[in-house]
Amino acid sequence: MPSVKIGIIGAGSAVFSLRLVSDLCKTPGLSGSTVTLMDIDEERLDAILTIAKKYVEEVGADLKFEKTMNLDDVIIDADFVINTAMVGGHTYLEKVRQIGEKYGYYRGIDAQEFNMVSDYYTFSNYNQLKYFVDIARKIEKLSPKAWYLQAANPIFEGTTLVTRTVPIKAVGFCHGHYGVMEIVEKLGLEEEKVDWQVAGVNHGIWLNRFRYNGGNAYPLLDKWIEEKSKDWKPENPFNDQLSPAAIDMYRFYGVMPIGDTVRNSSWRYHRDLETKKKWYGEPWGGADSEIGWKWYQDTLGKVTEITKKVAKFIKENPSVRLSDLGSVLGKDLSEKQFVLEVEKILDPERKSGEQHIPFIDALLNDNKARFVVNIPNKGIIHGIDDDVVVEVPALVDKNGIHPEKIEPPLPDRVVKYYLRPRIMRMEMALEAFLTGDIRIIKELLYRDPRTKSDEQVEKVIEEILALPENEEMRKHYLKR
């Protein structure tokens, strides 16, 4: 059994990091491994380390932990580097969004057709894209045999950028494909009898194959839409897989949008809050409305505070068990949800659903498994350039990643009217980043339906570049 070093960048993300640690503990083939946690927020880093060590102690696993605030330390001697960091955090994203809205760009300039996800900035996110490249180059220099696992948004732009510019082993991961299981559950189907396949780009994947008991399962979905869709109500802002927006997109494109693809629709569904409510449901109007995103940010803030609270309690009460947290927490909904998450990771028979650790296990121990991965196209999806990263199912084993044949192929409408326009925006973002040509960002905004004048474009870009966090970005774009 190989013991490996796994580095996690942005380890202050509480739930994600704990899920990875729990999956490691439930993977015998990775016993004895070292996990290096890296974050620039030392308080959050210490909290995660405290809880992770308690978890490992409680389940009796053989894992070693290191912590660092230095990027080199997390990469040196690493076999796998998982990046989930967001440079500037949500504070920076909100600053840019507010500037955009000040000049008439509802939900900010990075909210673009087919890319409406509120933390998926591509044009004003120079610092994030540069960080991806910096990490990749350090891997090339310090641990050239290591795998780079991209988990931080924007995964589409980020993984494409890294695979084009730095010769390392890189793959991107998301969990939007689990939207298929939501459909399966809603239709009352037995999961083991479902044959499914998705294909597209990150946050732009489509259910090209949907079969049940050997037959086409789409008529079952059509029946549900006809008989039950009118009664659909969202349970939370992210609950949109069977929303009116998803169904409307399905009717136009011919196959079902999956996961965050539903959020990444056209302006028809996103013009304003009332429009969002119509298509994504009351009361939030989806995850990316001003109401839905505030719900998400508030939830994140509560999770961070709960994590610190739990870590403090563990330090003060070393004999406490994580399974007893319900007696400490559980006072409000967020704390109850945190307790439920802990109960899930304590279940020895249950993996988290994150793909990263099973992927590592498949590569190292030849435990063959199916994953949905973000990798360069290389002919997988017809009509898309080879060096564009696509999101597709693949078998992974000790010999690497083996993408499935996309069968049946994606409909022409998906490729021509959805994927190619989305890819064009990715290409514009990457060319702007790589060349420093500010005219590309201006051109994007000239085409934006929210733009009413050239002056509007000049002013919004000028104010975004003037942010203190964007000093390097400003120099990069104004050097020409």
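FYI, residue positions are counted from 1 along the chain as it appears here.
For all residues, glycine too, the Cβ spot is worked out from N, Cα and C.
Listed in Swiss-Prot:
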- 4-70: NAD(+) binding site (BINDING)
- Asp119, Asn153: substrate binding site (BINDING)
- Cys174, His203: Mn(2+) binding site (BINDING)
- His175: active site, proton donor (ACT_SITE)
- Asp260: active site, proton acceptor (ACT_SITE)
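Annotated features taken from Swiss-Prot, shown on the structure.
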{"residue": "Val4", "record": "NAD(+) binding site", "CB count, 10 Å": "20"}
{"residue": "Ser13", "record": "NAD(+) binding site", "CB count, 10 Å": "24"}
{"residue": "Ser31", "record": "NAD(+) binding site", "CB count, 10 Å": "14"}
{"residue": "Ile40", "record": "NAD(+) binding site", "CB count, 10 Å": "15"}
{"residue": "Leu49", "record": "NAD(+) binding site", "CB count, 10 Å": "19"}
{"residue": "Glu58", "record": "NAD(+) binding site", "CB count, 10 Å": "14"}
{"residue": "Asp119", "record": "substrate binding site", "CB count, 10 Å": "19"}
{"residue": "Asn153", "record": "substrate binding site", "CB count, 10 Å": "23"}
{"residue": "His175", "record": "active site, proton donor", "CB count, 10 Å": "14"}
{"residue": "Asp260", "record": "active site, proton acceptor", "CB count, 10 Å": "25"}
Pairwise Cα distance for Ser13 (NAD(+) binding site)/Asn153 (substrate binding site) [Å, integer]: 13
Where Lys67 (NAD(+) binding site) falls in three-state DSSP terms: strand
Binding-site residues: Lys67, His203 - member with fewest neighbouring CB atoms within 10 Å: Lys67
Sparsest-packed of the listed binding-site residues (Ser22, Cys174) - C-beta count within 10 angstroms: Cys174
Nearest-integer angstrom distance between the alpha carbons (Cα) of Asn153 (substrate binding site) and Ser22 (NAD(+) binding site): 23
Three-class DSSP secondary structure - Leu49 (NAD(+) binding site): helix
Integer Å distance between the CA atoms belonging to His203 (Mn(2+) binding site) and Val4 (NAD(+) binding site): 31
Rounded inter-Cα distance in Å - Glu58 (NAD(+) binding site), His203 (Mn(2+) binding site): 37
Residue pair His203 (Mn(2+) binding site), Ser31 (NAD(+) binding site) - Cα distance, angstrom, rounded: 33
